[in-house]
Amino acid sequence: MKETVIDAHNLSKIYDEKTIPVYALNKVHLHISRGEFTAIKGPSGSGKTTLLNMIGGLDIPSEGFVEINGTNITELKGNELIDFRLNNIGFVFQSYNLIPVLTAKENIEFIMLLQKRSKQETEQRVLELLKEIGLEDKINKRPRELSGGQQQRVAVARALAPKPQFILADEPTANLDSVSAENLLDMMLKLNQEENMTFVFSTHDQRVINRARRVITLEDGKIVADTAPTSIIHKQIAKI
Amino acid sequence: MILKLIWRNLWRNSRRTLITMASIAFAVLFAVLMKSFQDGVFNNLIKNVVGYYSGYVQIHQKGYWDEQILDNSFELKKELNNQLQQNHQITAIVPRLETFVLASKGNTTKGCLLVGTDAVRENKLTQLKSKLIKGSYFENNEATVLIAEGLAKRLEVSVSDTIVLFGQGFHGVMAAGKYKIKGIIHLASPEMNAAFVYLPLTATQSFLSAENRLTSVSIGIDDPENTDAIAQNIKAIIGQQYEVMPWQELIPDVANHIKADGFSFYIFSGILYLIIGFGLFGTVLMMTAERKYEFGMLIAIGMKKSKLQLILFGETVLITFFGVLLGILMSLPLVLYLQEKPIRFGGELAKAYEQFGFEALFPTNVDPNIFITQSLIVLGMAVLIGVYPLWHIHGLDPVNAMKK
């Protein structure tokens, strides 16, 4: 049996509870196992980002709780929660992901320094990651000197640097051209397959949905479908 | 890494950083200039007023200042004189015997202030010789007078004329004497110019039948800043039968004027700092607002709020530190130059000043305390302003911060 990394129980987020309650999320149950490559899709306002924020410990649910590797993160507060995020969750945001005044190498180093890792370990890991994302020749470039796709690759490397349990990516390809988006997806899939890294995306992008092993569809704050995408099913049928 | 971030963040909008630094630097420059001009002018004013007659500190018999009569005079004992001479901060000790008498020539009689003094020591403290406009300076072993120009006019006398002085001597004895005018002096203060007569001390004591007696000892000191300390020191040494008064008590009008002007400086510099404070606050406000998304992202990926607060506080303090440093570097040569070559007014303005016994001179005062104080005020202001981003970060919710 696969190890569960993310376990969301009866998760709800209600706005304007006292007047007319609006459910951003409505009693969502979600289990994600190690090594999954999951896309969460749905129309705007369906609750994708809210779900991701709750899994990432950035937002507090109105009801229910989230367990990451057995730790109920809904009970963590302040610095304890920040430390948990630092050591267990990697984040990739849509844009403006990197610290503009630091180079690609420093952006990746930065998160490991927050973890108080040794200089030697940090140096080794950063170079390893830069090689892995194919940007070893751009180590001293600042974000403004990198393309959007290259910036997102550095963001993925930064998310991977602290060796998290999983990576949450909020529409990572939204601002990328198709070549950059494909390259980024190739890189993430490679990391998923070779390092068994768990990825959870929120996305509108069909290219991401097509590559996902599992697709969760949200509508009005509820999970309405939880399947593999058609392309994957077709491939599997073809194999059989 | 934190220092690297602070430094690089400072220069991510270099134009804004430079403008903010420049505004702080100019605030420090203006404040330092204002304060050093004020102190310089006041020191000069004090030197002028105090050096003109009173001295920085005076010693009297206890009760003399309230009742200025010869019966409240005292004998300058050798040991007191020695004690004063041993104090290295004291540059001049002028024994005086002063009283009001009548001066007469022919049918004209006028009231005047007779100042019996040591000719040499008086000149050291008040440069009396330099005020001579006619005749020559008197000597200690003579019985000749120097008469103020205004009084000479009123009595219609000139050099080599003889005047009669009469009045009341020590213990109520009758005092009368004839004295030849050796010189005419011009005193800047109109009141003094209309009433002063100087006579050597020995001759005055003999005239007033007050052998060895004095009404005051005027003291000159090396540094006016030490007036109070020296007065206290003398008070502690010489005993209870004397009163020791610093110039602030002798000339309260001038002391009050300086105090009032000092207050206006605080108002002006307060306004100046308020303007600069709002400028700096504006920069900090913009630095905080435009990086809201970034702060949200940093907290989301695992940066503790306290570290982020440290970075922002460091940025505010560093920007101010460089501004202050620049301000000091700009003001120091200017203040030094203006101390060496003070602004000197000419024409009517100079005449008006000189009429009241002041030089029309505006020197600056190079006192490290001025630089330190002004710098600390600006840095203190920065620390206060630096609290805003700390408060902002404290309440920052990463989800809201990253909403576009």
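Every residue, even glycine, has its Cβ placed from backbone N, Cα and C.
Automatic, uncurated: that is what TrEMBL annotation is.
Taken from TrEMBL, the feature domain 'MacB-like periplasmic core' applies to B:17-236.
The helix, strand and coil residue counts that DSSP assigns across the domain 'ABC3 transporter permease C-terminal' (B:267-395) are 104 helix, 4 strand, 21 coil. Positions annotated as domain 'ABC3 transporter permease C-terminal' by TrEMBL: B:267-395.
Look at TrEMBL and you will find B:265-289 (among others) tagged as transmembrane segment.
For the transmembrane segment (B:310-338), same-chain residues at least 6 beyond its ends with a Cβ under 8 Å from one of its own Cβ atoms are 2-3, 5-7, 9-10, 17, 20-29, 32-33, 36-37, 40, 280, 283-284, 287-288, 362-364, 366, 371, 374-375, 378-379, 381-383, 385-386, 389-390, 393. For B:310-338 (among others), the entry in TrEMBL reads transmembrane segment.
Tertiary neighbourhood of the transmembrane segment (B:370-391): same-chain residues 24, 27-28, 31-32, 35-36, 39, 269, 273, 276-277, 280-281, 284-285, 287-288, 309, 312-313, 316-317, 319-321, 323-324, 327-328, 331-332, selected by CB-CB distance under 8 Å and a gap of 6+ residues from either end. Annotation comment: TrEMBL describes B:370-391 (among others) as transmembrane segment.
Mean model confidence for the domain 'ABC3 transporter permease C-terminal' (B:267-395) is a pLDDT of 86.
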